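Enquirer: Pasting in a structure now, in structure tokens, and then I'll have a few things to ask.
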Amino acid sequence: MSVVKNEKDVDSSSAASGPGAKYEFYDPSKESIWTRLGVNLESFKRAPGTTGGQVIAGGNNVGDIEQIMADSPMLQQKMKPRHLQMIAVGGSIGTGLFVGSGSALRNGGPAGILIAWAIIGVMLINVTQAIGEMSILYPVSGGFYTLAVRFLDPSFAFAMGWNYVFQWAVVLPLEITVAGTTVQYWGKDIMPLAGWITIFFIAIIIVCVFGTLGYAEEEFWSSVLKLFVVVMFIFIGIVCIAGGGPSNGDYASYLGGLHWSDPGAFANGFKGVCAVFVTAAFSFAGTELVGLAASETPNPRATMPAAVKGTFWRITLIYITSLTIIGLLIPYTDNRLLGGSGADASPFVIALDKAKIKGLNHLVNVTICISVLSIGLACVYAGSRTLTALAETGYAPKIFTYVDKSSRPLFSVLAILAFGPVAYANCASDGAGDVVFNWLLALSGLSTLFSWLSICLCHIRFRKAWIVQGHSLEELPYRALGGVYGSWLGVTLIVIVLIAQFYIALWPIGGMSPDPKAVAEGFFSAYLAFPIMILFYVVGYAWKRTLPQRSHEIDLDTGRKSWLTVEEMREYRAERARAPLHVRIYRMLFTN
């Protein structure tokens, strides 16, 4: 039996109709275009029910198809395949690559950044493979947070979920501020910082009005721009390294690997590499958003594999190649790396300035500005969806379960946007804003690592429960590339990064300060999230008194969207194996 024939593309209008229907489904297509876009008053009213809008791969073992449809999230499935793929490929390309790589080069040297980004890249490939396997089978609201409640421990999930929400809530005003300072690259007298903050905050609010579709479209086009600029920079960088730059610039003669020998490949030895580990890990923040987006995609089984595999190509072609070019073009002793901030410290801008290529530095700065705004919107998207899932599982006030007719988790979005005005703290002339931001970021600084750790642990527990409860791995519509061993490798590398962060927090580059107060402040600004995570866990356990379930007790059915048997999956894979060789190679590299 063909899988395609068994996939029931759920039409909510027909699912709810007819006599004797057991479940009621909301059909947003019957609403006006203005309601669906979210721009009239009607769109803010609570959605009366789920749309049941996810494709069900229903095999012979499906009992109640309407019940499976009713398990769909309240959020509507508005994301198209191109949206999901661009979120995966270009979503987390932002200040971490365009600006953060400058400080990483200064601390680690050209070899240090390649080693750190490659190792973190291997970790991220395993994390995305794990979340891909689970979210294709369970495209549930809240993504990996909801799966952590089910497969791990509700108390740990409570701690991880709230840390994740606070991470994005705090990053939002930071990104708004960075956008304001990025514009000041063209002149600080054009407009005060507070004016730019207001403009960018209003822009984010306007896009948020359009909900999932607004975020997805903005993410698609900003990712297209980011990918274009990075690929353009790579080609220009190769020409400059070969000595093909303008005659009045620094790259008019062959450069090659000169900067790897003078001043050298490593800036601060082992300690420098450890410092870059942390920068590299945080530059990938947001990669896990594909797991959240799966619940708002009509057919994750068809679209998620391409998004998951896109992570590999982004890491190898975008990050590793561009960082190699940067390490060859700019010595880690460059003065602008040592003293610059914002766009001035971007190695992309520095290299183009040194090459005397007019105009392109401004294009890169525009891209940095758009990237910052893109991450600001990702803050609202990720924070609001996780907050809604926390409310759905009883770990946040029920008001945050409110989803309106335009598919916006309205009160969750407002809660995250409420942190935006914190950006104005940076307008304080006495530097108090910097102090506020540093400690707010410290509260959630490691939450991305905890999220990745929970994804890998979820996958390990899921595989264990799947086998214990009599299932075969052949039933899975998508299997992680490294299997459970890949997730164990991911866990190991995440623990190594946490240890490296602890080491750098205690013994920073340049040595430990003789002032005990400065040592304590430096340590807690880098590692405060760890004790906060433990505190949240204790609160979650004291509140609900829950413990992890045993493998045979884990719920493997709720939210499941693929019910194909081993025989049906074997037939499906045999059919695909008969495809021409070039098609099979394409599927292996880019899709399922």
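Placement of Cβ uses the backbone N, Cα and C atoms for every residue, glycine included.
Sharing the record's features from TrEMBL:
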- 1-11: compositional bias 'Basic and acidic residues' (COMPBIAS)
- 1-21: region 'Disordered' (REGION)
- 83-547: domain 'Amino acid permease/ SLC12A' (DOMAIN)
- 84-105: transmembrane segment (TRANSMEM)
- 111-132: transmembrane segment (TRANSMEM)
- 193-215: transmembrane segment (TRANSMEM)
- 227-245: transmembrane segment (TRANSMEM)
- 265-290: transmembrane segment (TRANSMEM)
- 311-332: transmembrane segment (TRANSMEM)
- 362-383: transmembrane segment (TRANSMEM)
- 408-425: transmembrane segment (TRANSMEM)
- 437-460: transmembrane segment (TRANSMEM)
- 481-504: transmembrane segment (TRANSMEM)
- 524-543: transmembrane segment (TRANSMEM)
Enquirer: Are there at least 3 C-beta pairs under 8 angstroms linking the transmembrane segment (193-215) and the transmembrane segment (362-383), leaving out pairs fewer than 6 apart in sequence?
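Expert: Yes, the transmembrane segment (362-383) contacts the transmembrane segment (193-215).
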Enquirer: Apart from its near flanks, which chain residues at least 6 from the ends of the transmembrane segment (437-460) lie with a Cβ under 8 angstroms of it?
Expert: 123-124, 126-127, 130-131, 133-134, 144-145, 147-148, 151-152, 156-157, 159-160, 163-164, 166-167, 170-171, 173-174, 177, 281-282, 284-285, 288, 291, 422, 425-426, 480, 484, 487-488, 490-491, 494-495, 497-498, 501, 524-530, 532-533
Enquirer: Give the nonlocal contacts of the transmembrane segment (481-504) in its own chain as ranges (CB under 8 Å, at least six residues past its ends).
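Expert: Those are 119-120, 122-123, 125-127, 129-130, 271, 274-275, 277-278, 281, 446, 449, 452-453, 455-457, 459-460, 463, 526-527, 530, in sequence order.
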Enquirer: Give me the stretch from 84-105, 265-290, 311-332, 408-425, 524-543 with the greatest number of Cβ pairs under 8 Å to the transmembrane segment (111-132).
Expert: 265-290
Enquirer: Mind checking which residues of the chain, 6+ beyond the ends of the transmembrane segment (524-543), have their Cβ under 8 Å from one of its Cβ atoms?
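Expert: For the transmembrane segment (524-543), the list is 154-160, 162-163, 278, 395, 438-439, 441-447, 450, 498, 501-502, 504-505.
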Enquirer: Could you give the residue numbers and ranges of same-chain residues that sit at least 6 residues beyond the transmembrane segment (408-425) on either side and whose C-beta is under 8 angstroms from one of its C-beta atoms?
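Expert: Residues 38, 44, 75, 165, 168-170, 172-174, 176-177, 180, 194, 197, 201, 204-205, 208, 211-212, 379-380, 383-385, 387-388, 391, 399-402, 432-433, 436-437, 440 contact the transmembrane segment (408-425) from elsewhere in the chain.
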Enquirer: Might you confirm whether the transmembrane segment (193-215) is in contact with the transmembrane segment (311-332), defined here as three or more C-beta pairs under 8 A between residues 6 or more apart in sequence?
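Expert: Contact between the transmembrane segment (193-215) and the transmembrane segment (311-332): absent, because fewer than 3 Cβ pairs are under 8 Å.
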Enquirer: Which sequence-distant residues neighbour the transmembrane segment (227-245)? Criterion: at least 6 residues beyond either end, Cβ under 8 Å.
Expert: 89-90, 93, 97, 251-256, 318, 321-322, 325-326, 328-329, 348, 351-352, 355-357, 360, 363-364, 367
